[in-house]
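What TrEMBL records for this protein:
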ACT_SITE  Cys327  active site, glycyl thioester intermediate
ACT_SITE  Cys500  active site, cysteine persulfide intermediate
BINDING   Gly180, Asp201, Asn208, Asn209, Leu210, His211, Arg212, Lys225, Asp269, Asn270  ATP binding site
BINDING   Cys310, Cys313, Cys385, Cys388  Zn(2+) binding site
DISULFID  Cys404-Cys412  disulfide bond
DOMAIN    435-545  domain 'Rhodanese'
Amino acid sequence: MFAAVDTKHQDLLIQNLENILNKIKQNKTPLINESFQQFLNTKNGYLVSSLVSEFLEFFSLGFTLAVFQPGTGTQVHGPDRGNLAQDLGIVENENTRDGPLLLEVMKRCQNSNSREDGSSDSSLPVLHNLVTELPLLEAKTSLSNEAILRYSRQLVLPELGVKGQLNLSKSSVLIVGCGGLGCPLAQYLAAAGIGRLGLLDYDVVEINNLHRQVLHGENRQGIPKSLSAATALKQLNSGVEYICYNLILTPKIALELIQQYDIIADCSDNVPTRYLVNDACVLTGKPLVSASALRMEGQLTVYNYHGSPCYRCLFPVPPPAETVTNCSDGGVLGVVPGIMGCLQALEVLKIASGLGTSFGQFMLMFDALEGRFRNIRLRPKNQNCAVCGANPTIRVLQDYEAFCGSSASDKCRTLHLLSKEERISAQEYKKILDEQVPHLLVDVRPPVEVDICHLPHSIYITLDKLERKNLDCLNHLNRKLLEGKQITDEEMSFPVYVICKLGNDSQKAVKILQELSGKELGVLLAKDITGGLMAWSNKVDPTFPQY
């Protein structure tokens, strides 16, 4: 433990460390005085050592820092313990010059990790930023008394019993995506006693995740989702092995990763990842339990299991990128992915325990609004399928973003339908307002989004009504154009700016207005506002709500 130091020095160190932690948790670069310059690596992040964790624990600050070496995913230990004033520094050498990288700042209750001898267990799940080979799970021949007591309520089920529980304990599951589907799935798999749980996600916890991603919390904002999930799961069942991956699943690493797990659960929210996971499962012979949730609906299917079709059998060609909607774009009621994630957990547990699945030849459809489930029988395995057919053409993983024409990200997509000349920035539009240049601002969002927030001088015509060329809307727009031209007393093209949430639908609307200009509508010059209302909030008016 640290040597005693004078109170003044101790208070100064605590004050500086608390300031650093608060700034990092807010995702801001802290100002570090001369005593702490050794912790700052301007290129890669923060240089810290496990001594900081010990220091924070020693003074009961209730924080734990998880520190990892870039490129290895292993925990970094600081210099030898000794006098506090000397040992807080990190000696620059060939190994530390590129970082240890500070990936996490986690707040926790020390009492919950206390051992019987009074010492504290500061261990945290290790966060991996690359794929490493995992040892085989040890196959148990019997259950301990503790396991019998813990799992007693499911052990007495004739369908499961001791044999089924032992099967669970030697099974490994990889969850791709620790969001609305992945959280309840992981929670019930951990509770049921699955042997190893791989948790993969490239993203960090944000406040807008919390209505549906129930393993995370307010105090974990900015923390990688996989580590946040594992931390919560470890409190639920410390007997499960948790492997956290803070990375994007790519064709380069997918086979190496997926072949190390028995069952794969796809909880992603984008088309390229769905094709990638499917193809990797087929090539490695792994069953794939896939689910999705959007708005008030959900779907679940088990692919590539005992001769069942794969995802490509059903969907050989991806949909046009502009037609795909995810939760960020279309919204979702939080409980809907919760239900679908629980159903995924059920199917994974049935497969892992040896019971088998009910959805190898069926797709489960859930309508939350009607409170109705229904099963749709799937077509048999397609013998002409490019990856699992009789003569497959896909034997290696491909570029799935190019194949799908979209990004392998669950974030809101960005369309590029207009030229640079057909768009203006939020700042440029603010200048137009300030100079009181006559124009028309058209908000093409649905009414439910307009109710959340809007610019007071805009008029509202939804994109779907523009696409249908709704007569009432076109007449309304024509009247507004005529009023604007009377004010300017000009016959030239009247400027119309289109706005939406993020600048995607507005581009589609501009395309439609350009086609209607001088025909169904008066002559106009249509442009959209890049980034939409969220860009307005970020770059012009920080008091404007974000959603």
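The backbone N, Cα and C atoms fix where each Cβ goes, glycine too.
Not measured: the values here are computed from a predicted model.
Shown here: features listed in TrEMBL, placed on the structure.
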residue	record	Cβ neighbours (10 Å)
Gly180	ATP binding site	28
Asn208	ATP binding site	12
Leu210	ATP binding site	16
Arg212	ATP binding site	22
Asp269	ATP binding site	23
Cys310	Zn(2+) binding site	24
Cys313	Zn(2+) binding site	24
Cys385	Zn(2+) binding site	21
Cys404	disulfide bond	22
Cys500	active site, cysteine persulfide intermediate	25
Model confidence over the domain 'Rhodanese' (435-545) (mean pLDDT, whole number): 93
Between Gly180 (ATP binding site) and Cys388 (Zn(2+) binding site): CA-CA distance (Å): 29
Alpha-carbon distance [Leu210 (ATP binding site); Cys327 (active site, glycyl thioester intermediate)] in Å: 13
Structural state census, the domain 'Rhodanese' (435-545) (DSSP three-state): 49 helix, 20 strand, 42 coil
Shell list (Zn(2+); ref centroid = CB of Cys310, Cys313, Cys385, Cys388; cutoff 8 A): Val282, Tyr303, Asn304, Pro309, Tyr311, Arg312, Lys381, Asn382, Ala386, Val387, Gly389
Rounded distance in angstrom between the Cα atoms of Asn208 (ATP binding site) and the residue listed as 'active site, cysteine persulfide intermediate': 19
Protein Cβ atoms within 10 Å of Cys388 (Zn(2+) binding site), excluding its own: 24
